[in-house]
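Novice: Relevant sequence annotations retrieved from Swiss-Prot are reproduced here:
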type     : residues         : note
BINDING  : 108-131, 216-239 : NADP(+) binding site
BINDING  : Gly181, Gly183   : K(+) binding site
ACT_SITE : Cys186           : active site, thioimidate intermediate
Amino acid sequence: MRIEEGLKLGFKDVLIRPKRSTLKSRSEVALERQFTFKHSGWNWSGVPIIAANMDTVGTFRMAEVLASFDILTAVHKHYTLEQWAEFVKRSPESVLRHVMVSTGTSSADFDKMKQILALSPSLKFICIDVANGYSEHFVSFLQRAREACPDKVICAGNVVTGEMVEELILSGADIVKVGIGPGSVCTTRVKTGVGYPQLSAVIECADAAHGLGGQIVSDGGCSVPGDVAKAFGGGADFVMLGGMLAGHDECEGRVVEENGEKFMLFYGMSSESAMKRHVGGVAQYRAAEGKTVKLPLRGSVDNTVRDIMGGLRSACTYVGASHLKELTKRTTFIRVAEQENRVFGTD
């Protein structure tokens with residue numbers, strides 16, 4: 001046993017210090033990024049935000065809408081091959097290039113992933129997703145996927161420390177997914193005592209990834225647009241959002257009614273709700289590590305996406321970054337004891 005003494009920070013612990021700027025308007029800020037990925041060699045450009053691969057958020061409808069904003073969607077792994085075939089058949093290349101094919105790490109998952117990717121050459125992204133990216137089995141699956149799909153962009157995770165980011169990149173990942181426990185419906189930290197404050201994880205993992213020519217995606221912990229800006233400011237190349245995109249028309253959560261008002265259920269993918277839906281219940285040897293919440297219906301995701309992108313542009317304007325890529329170079333974090341004036345509640 002040992003204790004690391006250094007303080008680790010989450011998004012709520014900091015604000016971004018404003019700096020002099022030559023920008024006259026938020027409209028001058030470009031949010032698009034361009035990447036050439038380490039292993040696949042593929043060039044991609046777009047807004048580096050990803051809808052999370054949760055079965056209520058990472059849906060085909062979400063992918064169709066977010067593609068119009070040049071935003072990615074990690075489509076969840078529970079769609080059947082037939083549903084994928086129907087989606088690919090009706091979708092133009094402009095949508096498919098913004099889709100990530102999510103997979104677990106079983107042999108059946110591998111075979112299904114290969115069948116889905118074979119539906120269209122426009123499907124370029126793979127998202128290998130497990131709760132604990134520190135297992136040897138996970139690394140072996142990643143290596144197998146890289147060998148089988150040399151021209152695909154592979155995003156793999158989740159991890160929170162630099163040495164594991166390096167191992168995943170050296171094993172074939174183009175992008176490493178960073179985050180254990182920060183999600184809005186994740187209870188891993190309270191069930192297991194395991195985790196890492198998200199901002200510090202992003203800063204440390206970005207440093208490790210960029211040294212090897214890889215990228216990271218900050219997954220979890222964002223509850224407002226300012227958190228997204230902090231993630232990019234901390235060095236994240238992509239930011240994955242679940243709760244901020246939940247409860248919209250494009251989601252597939254079950255709708256319930258209480259006292260005449262409708263709500264959509266949103267739950268973590270290790271929650272009892274998710275395991276009952278997909279594997280028949282919680283296995284006797286494990287505990288659920290997610291919760292279920294009821295969200296008021298929020299309409300189309302369009303307005304939420306515009307709000308997030310507007311917040312990002314404004315953050316860039318405050319620090320003089322004309323391109324999103326410059327935000328991390330222009331960011332100085334200050335530690336704070338409060339984030340906002342709550343005399344009239346929170347927005």
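Each residue, glycine too, has its Cβ placed from N, Cα and C.
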Novice: Counting only other Cβ atoms and using a 10 Å cut-off, which of the binding-site residues Ile216, Cys222 scores lowest?
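Specialist: Across Ile216, Cys222, these binding-site residues, the one with fewest Cβ atoms within 10 Å is Cys222.
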Novice: Have a look at the binding-site residues (Ala108, Ile126, Val228) and report the one with the fewest Cβ neighbours inside 10 Å.
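Specialist: Output over binding-site residues Ala108, Ile126, Val228: least Cβ neighbours within 10 Å is Ala108.
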Novice: So, three-state DSSP: helix, strand or coil for Cys186 (active site, thioimidate intermediate)?
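Specialist: In the DSSP reduction, Cys186 (active site, thioimidate intermediate) maps to strand.
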Novice: If one measures from the C-alpha of Val228 (NADP(+) binding site) to the C-alpha of Gly183 (K(+) binding site), what distance in angstrom results, rounded to a whole number?
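Specialist: Rounded to a whole number, the Cα-Cα distance is 13 Å.
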Novice: Any idea what the Cα distance is from Gly234 (NADP(+) binding site) over to Gly183 (K(+) binding site), rounded to a whole Å?
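Specialist: Here the two Cα atoms lie 18 Å apart.
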Novice: I'm trying to understand the geometry here, so how far is the Cα atom of Ile126 (NADP(+) binding site) from the Cα atom of Cys186 (active site, thioimidate intermediate), in Å to the nearest whole number?
Specialist: 23
Novice: Work through the recorded positions one by one (Gly181, Gly183, Cys186) and name whichever has its CA nearest to the CA of Cys222 (NADP(+) binding site).
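Specialist: Checked the recorded positions Gly181, Gly183, Cys186; minimum Cα distance to Cys222 (NADP(+) binding site) goes to Gly183.
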Novice: For the C-alpha pair, I'd like the distance in angstrom between Ala108 (NADP(+) binding site) and Gly181 (K(+) binding site), rounded off.
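Specialist: Just about 27 Å between their Cα atoms.
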Novice: Between Cys186 (active site, thioimidate intermediate) and Ser120 (NADP(+) binding site), what is the CA-CA distance rounded to a whole number of Å?
Specialist: 33
Novice: Applying a 10 Å Cβ distance cut-off over all chains shown, what neighbour count does Gly234 (NADP(+) binding site) have?
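Specialist: Other Cβ atoms found within 10 Å: 26.
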Novice: Nearest to Gly183 (K(+) binding site) in three-dimensional space, by Cα, is which of the binding-site residues Lys114, Ser120, Ile216?
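Specialist: Going through Lys114, Ser120, Ile216 one by one, the Cα closest to that of Gly183 (K(+) binding site) is Ile216.
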